[in-house]
Amino acid sequence: MSSFNVPLLASSTLVPPPALCFDDVAFSHEDKVLLGPCSFNLDCTGPTLVMGPNGAGKSLLLRLAHGLLSPTQGRVAWSGHKRPRQAMVFQQPVLLRRSAVANLTHALAVNNVPRRTRVKLAYDALERFGLTACSNTPARVLSGGEQQRLALARAWVLSPQVLFLDEPTSALDPAAIKAVEAAVREFHQRGTRIVMTTHDLHQARRLAGDVLFVSGGKVREHTPAEAFFDAPASREAQAYIAGELVE
Amino acid sequence: MEKNNNAFDVALSLLLNLDASLFQIVALSLQVSILAVLIAAVLGFPLGAAVALWRFPGRGAMIVLLNALMGLPPVVAGLMVYLLLSRAGPLGEWGLLFTPGAMVIAQVVLVLPILAALSRQKVEELLGEYREQFISLGMSRPRMMPTLLWDARFALLTILLAGFGRASAEVGAVMMVGGNIEGVTRVMTTSIVLETGKGNLPLALGLGIVLLFLVMLINAGAYLLGELTRRRTG
């Protein structure tokens, strides 16, 4: 990845990223409570890693935080006056049936970026994520790793204040995982709040600033990373770290 | 048998010599059907996308209606347009009956449900895949529509060709509202019916060959497009 250039839309690193607050949030479907009720405050620098076993409600938590789903109880709030700019990278990247560069210019067009600057921003982002060579390749014939990098580049051009990543590396090989993690760090350095789910302990150790541990639809703890990996507070997290099979 | 072979020879020579009356009939057929399909596309694709995107009361009934109208018998479409355009009808003042314009309207009525129903299916399928990403990007439904239609472009072209196939091959509707007037509203299908009735088999056969050729061309186009889609978009 190339050196750090300040893009046109970049939020300044001097301004702390907006804090996310879950206030007694719960989500139920057909009378079954899938998540919560839970309350927590993400105001530390992060990156925040949401951890827990499969089906614990990690993805659901991310979708509620991003606004893809509305909580059936409680509310999701942000510090500051308005909802921050946000983006999300999915486990399976959702790319349009167009060229790589057109995927980026489309996202910029949707966000009302003037036509003149779109193409330049798009090519800058492609270069940053090592995709210049395939800028005109249809996005959906790219390899899995390239597709995920393109999804990250699409998030990058939008200069989000908050970036959600839902198991972004679970289908990738080690080289591609490395590229995605490097990109996550770059977002973090740019001052973007990172909220990412993973069930890979090693990845969490490499990236986490703080950990939100979820199991059985409940948020068990929210702890700074070192403390979490050394001595997790909740019984569930202790079992998880110890390698037991937690539900 | 002898006579039919003869007719075939004459048909071929008509084709090879670019016979003027034959050429005129083919040209009018293409004009009417292409115009009808284009009008139906401008109306039908956004309609299909809108039904896919919005939830409203009666949406299910609308989908059933559109699907059912795909099989609308051409003579019924012809009758409806005839009643609309006849002197005593609500649009009688337009004086369109027995003009190419009336034939275009009748074919739009036939093709529109096909384009709307099939594009609705395709767009809904795409939307299922894109929905979360679209919401994440903060897109409104009206903003989603052009993105979805563009991303479905190859499928829409195939659907367009299916619509053209239906328009160019039907005979009932254009016969009723066009009247098969020589030099004015005579198209391939209506003249095949007429010439066969009159016993003028060479011209009927010549037209039949052209029509068959066109249908094959359309199908080859649809096939190639499908292949291209698979290769281009994975």
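Using N, Cα and C of the backbone, Cβ positions are placed for all residues, glycine too.
Owing to the predicted nature of the structure, the values given are computational and were not obtained by experimental measurement.
The domain 'ABC transmembrane type-1' feature in TrEMBL is assigned to B:26-222. Annotation source TrEMBL lists transmembrane segment at B:7-26, B:32-54, B:61-85, B:97-118, B:148-167, B:203-225.
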Interface-richest range of B:7-26, B:97-118, B:148-167, B:203-225 toward the transmembrane segment (B:61-85), CB pairs under 8 Å: B:97-118
Same-chain residue ranges lying at least 6 outside the transmembrane segment (B:32-54) that approach it to Cβ under 8 Å: 62-63, 66, 100, 103-105, 107-108, 110-124, 127, 141, 144-145, 148-149, 156, 160, 163-164, 167-168, 174, 187
Same-chain residue ranges lying at least 6 outside the transmembrane segment (B:203-225) that approach it to Cβ under 8 Å: 7-8, 10-12, 14-15, 19, 21-22, 25-26, 154, 157-158, 161-162, 164-165, 168-169, 188-189, 191-192, 195-196
Tertiary contacts of the transmembrane segment (B:7-26) (same chain, 6+ residues out, Cβ under 8 Å): 183, 186-188, 191, 201-203, 205-210
